Amino acid sequence: SLPAKLINGGIAGLIGVTCVFPIDLAKTRLQNQQNGQRMYASLSDCLIKTIRSEGYFGMYRGAAVNLTLVTPEKAIKLAANDFFRHHLSKDGKKLTLLREMLAGCGAGTCQVIVTTPMEMLKIQLQDAGRLAAQKKLMAAQAQLPSSRAAAAAEPALEARPTATQITRELLRSKGIAGLYKGLGATLLRDVPFSIVYFPLFANLNKLGQKDPNVKAPFYVSFLSGCVAGSTAAVAVNPCDVIKTRLQSLQRGVNEDTYSGILDCTKKIWQREGPTAFFKGAYCRALVIAPLFGIAQVVYFLGIAEFLLDMLPEGRA
């Protein structure tokens, strides 16, 4: 049922995001730093410096936005894919690869309604620590060059805006369109991701089914979700880098600004080289693999059906 699909998607998203959010924060900060302004050398270096300067909960900066909006996002994505697969199938026959890709395309297009504002707010909150660290480092370089290492490791804590403040300011200055900055780049990332992910997952998951009418074991769904998710994540990482740069409202000292997708692509290619499009790729793979592995296990185990069955008769 549709309620069961929505609940399954929501539960899956909450569990997955909680588990992998610190890696996602590192991905955003690594993708946003430009040549000559590098604050973090790697995933581990970013997490260590974040804990030192912002505490353990600094790794979850921006998580509230994700946890609030991930339920409708995952619900829309998973339910939309099922919806399109159902309507693209003919008389219950097996879907062709093209139709599976079309279903994934439809799911990716639907989810950006929630994904774009969620990503916009999350990126501002996640990147605030990097910008604060850069300001502290620049001040230390101007006053006492020998303190550079200490400044890089222990940036000053500054008052940072909340998601509510950012939302109010965007709505006041730019209206609802302000929350959808980077919509084109989000579509450019999420639609190809879904086109790759859903057919790949479906076909990998079928390998673990002994009978077409019987669900695959949960570990097969988990591994299929991990493999399909990480593959799709790396494939669209260049689009994710562009999206992250376009949606960042604040820039560090001497960092480029961009007028659109083409301008961003051109500047990154010319000034940072083609490898810059794969910044944070391994972080994104580490985020997406367990996130979608967990999501598919929850979704396919049908936890929502169990919860709905526990309701008094007639209420479900």
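Just so it is clear, glycine is given a Cβ too, placed from its N, Cα and C backbone atoms.
No curator has checked TrEMBL annotations; they are predicted automatically.
Listed features, source TrEMBL:
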type: REPEAT; residues: 4-87; note: repeat 'Solcar'
type: REPEAT; residues: 95-207; note: repeat 'Solcar'
type: REPEAT; residues: 216-305; note: repeat 'Solcar'
type: TRANSMEM; residues: 285-308; note: transmembrane segment
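Averaged across the repeat 'Solcar' (216-305), pLDDT for the predicted model comes to 85. Helix, strand and coil counts under DSSP for the repeat 'Solcar' (216-305) come to 70 helix, 0 strand, 20 coil.
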